[in-house]
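I have placed the structure first, in the form of C-alpha cells, so that the comments after it can refer back to it.
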Amino acid sequence: MQLRRAARVILVGAPGVGKGTQSERLLRRFPQLASISTGDLLRTNVKNRTPLGIKAESTMKSGGLVADDLMLRLISSELRNRGWLQNHGPPEVMTLSSEAISASEMRNPDDIAFDAFAAGRPMSPAQASEDPTASFILDGYPRNAAQANSLEGIVPINLAVSLKTPFEVVLERIAGRWVHEPSGRVYNTTFNAPKVPGRDDITGEPLIQRPDDTEEVYRARFQKFQEASEPLLEHYAKKGVLVEVEGMSSDEISPKLYDVFEQRFVM
Ligand code: ADP
C-alpha cells in the first residue's frame, strides 16, 4: 500500500510484546517504509572504524548509552545520506568562532546545526523531507525523554505507537518458551507445543529453557522498560502523536496498527 505522507514513526513496547514482528509486517505492507536501527548503525560505524564508531565503541561494550550528540549525528547523517534531510540555505547565525575556522577544520553541516541547536539558537538549517518515500520506523531510538527532545529539533516524529499486551500474557508466552539449542528451533507450550513434551520434534533431543526466559528475569526487564518508557510516552502524548494499540497477540495487534497507519498516512 502506498503512503501519501511521510511517516516518521517509533514503536514503543515492552520486551516480548513483538515489536520486531510488527516492524517486519509494517515494512511488508508499506514498502516505502524503511527501518532505521541505531544499534545496527552504531555497529557499522564501529566495524568501519569511523571517528564516531571509535568514540562510541567503549560505551557500547560496557552496555551504556552512547552520548546524545553522537546519536544525533548518527541519525542525521544517515538521513542525509538517504537524501531525507535537507539544508535550507546557509545557517542564519554564524558565530565569530565558526567563521574563523580554517579550511582544514571545516566542519560538516550537521556539526554546525547541532552546535546551534545545543546552544538553543532558533536555527533550523536541516529539515526532514515530507516526501512519502522518506518514511521510516526508528528502531532503538529515542530511548528516553532527553533523546526525544533532542531529536525533535531535527526529525519531528509524527507517530509514536505504544504496543500493549497484558503483562501476564507476555509472561506466559515467555515462560512457555522451549528451545532446541543445536538447531535454534523454538516451541511454546501454549500455542506451538512440541509433539512430545520437552523433546525436539525432529531429533527427539531434549529442549531447554533459556536462562533469561524466567518470570523473575522478565519481571525485572519489564520494570526497567516501564520506568524508561513512561517519560518517553508522555513526551509524545504532549506532542499529540501518541497512539496506543492493544492486543493479546501479534495477530490481533497488526490489523489495528495498519488502520492507524492508513488513517494517518494514506487517507
Ligand atoms: P540493545 O537492545 O541490547 O541495547 P541495540 O542493538 O539496540 O541493542 O544497541 C546496541 C548498543 O548501542 C547499546 O547497548 C547502546 O550502547 C548503543 N545504543 C543503541 N541505541 C542507542 C540509543 N538510542 N542511545 C544511546 N545508545 C544507544
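Yeah, the Cβs are placed from backbone N, Cα and C, and that goes for glycine too.
TrEMBL annotations: computationally assigned, not manually curated.
According to TrEMBL, the protein has these features:
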{"type": "BINDING", "residues": "Gly16, Val17, Gly18, Lys19, Gly20, Thr21, Arg177, Val186, Tyr187, Ser250", "note": "GTP binding site"}
{"type": "REGION", "residues": "37-66", "note": "region 'NMPbind'"}
{"type": "BINDING", "residues": "Thr38, Arg43, Gly64, Leu65, Val66, Gln147, Arg210, Arg221", "note": "AMP binding site"}
{"type": "REGION", "residues": "176-213", "note": "region 'LID'"}
{"type": "DOMAIN", "residues": "177-212", "note": "domain 'Adenylate kinase active site lid'"}
Among Thr38, Leu65, Val66, Arg177, please name the binding-site residues whose Cβ is nearer than 6 Å to ligand 1.
Thr38, Leu65, Val66
Which of the binding-site residues Leu65, Val66, Gln147, Arg221 has its Cα closest in space to the Cα of Arg177 (GTP binding site)?
Arg221
If you draw a 10 Å sphere on the Cβ of Gly64 (AMP binding site), how many other Cβ atoms land inside?
10
Which one is it, among the binding-site residues Thr38, Arg43, Gly64, Leu65, Arg210, that lies nearest to Gly16 (GTP binding site) by Cα separation?
Arg210
Largest separation between Cα atoms (Å) of residues that the record links to AMP, namely Thr38, Arg43, Gly64, Leu65, Val66, Gln147, Arg210, Arg221:
32
Using DSSP, what is the helix/strand/coil residue split across the domain 'Adenylate kinase active site lid' (177-212)?
0 helix, 12 strand, 24 coil
Treating G and I as helix alongside H, and B as strand alongside E, what does DSSP give for the region 'NMPbind' (37-66) in helix, strand and coil?
21 helix, 1 strand, 8 coil
Relative to the Cβ of Thr38 (AMP binding site), which residues of the same chain, six or more apart in sequence, are found under 8 Å away?
Met71, Leu74, Ile75, Leu138, Asp139, Gly140, Tyr141
For the binding-site residues Gly16, Gly18, Gly20, the one whose C-beta sees the most other C-beta atoms within 10 angstroms:
Gly18
Which one is it, among the binding-site residues Gly64, Leu65, Arg221, that lies nearest to Gly18 (GTP binding site) by Cα separation?
Arg221
Would you mind ranking the binding-site residues Leu65, Val66 by how many other Cβ atoms sit within 10 Å of each Cβ and giving me the lowest?
Leu65
Using a 10 Å radius around each Cβ and all protein chains in view, which of these binding-site residues has the most neighbours: Arg43, Arg177, Arg210, Arg221?
Arg177
